[in-house]
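All remarks here apply to the structure that follows.
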């Protein structure tokens, strides 16, 4: 990846609330399925904003920090997804998204960020990201002191 896009906690919450507004009225949803781990934080925000208490997970391993590797399904939520919002932080190449579509064909699949290759696989997203950009999520970063350039 040649570029980095840094996401702060407040920006993530703002984008997720924007997505939640598009998912109203909340009564049409049975629950949320969070794609672990990237979809866990957005799922918590969506659950709060929509008043949804039924939250499950599908656990798929496809990244090792910044290296994409083979998909492994570690845990599935039951059913075909009918009445459920499936949420992940990002759709990238579409590998994970296609697996989600195959497992939950009747779900409404949303992400916060979408890259061109995976965009056709999601029902809704908030932010367009160039394909060659790595997203640094707030849960992968910490705040630290930076020495002034002048050394004072």
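All residue numbers here begin at 1 and follow the chain in the order shown.
Keep in mind that glycine also has a Cβ here, set from the backbone N, Cα and C atoms.
According to DSSP, residue 93 (5-phospho-alpha-D-ribose 1-diphosphate binding site) sits in a coil region rather than a helix or strand. Per Swiss-Prot, the feature 5-phospho-alpha-D-ribose 1-diphosphate binding site maps to 37, 38, 69, 88, 89, 90, 91, 92, 93, 94, 95, 96.
A 10 Å cutoff on Cβ-Cβ distances gives residue 96 (GMP binding site) a total of 26 other Cβ atoms nearby, all chains included. Look at Swiss-Prot and you will find 69, 92, 93, 94, 95, 96, 134, 135 tagged as GMP binding site, backed by sequence analysis.
Swiss-Prot lists 89 with the feature Mg(2+) binding site. Using a 10 Å Cβ-Cβ cutoff, residue 89 (5-phospho-alpha-D-ribose 1-diphosphate binding site) registers 24 neighbours.
Its Cβ placed at the centre, residue 135 (GMP binding site) has 21 other Cβ atoms within 10 Å. According to Swiss-Prot, the guanine binding site annotation covers 92, 135, on the basis of sequence analysis.
What Swiss-Prot records for 92, 135 is xanthine binding site, and it gives sequence analysis as the kind of evidence. In the three-state DSSP scheme, residue 135 (GMP binding site) falls into the strand class.
Across the structure, residue 91 (5-phospho-alpha-D-ribose 1-diphosphate binding site) and residue 135 (GMP binding site) place their CA atoms 11 angstrom apart.
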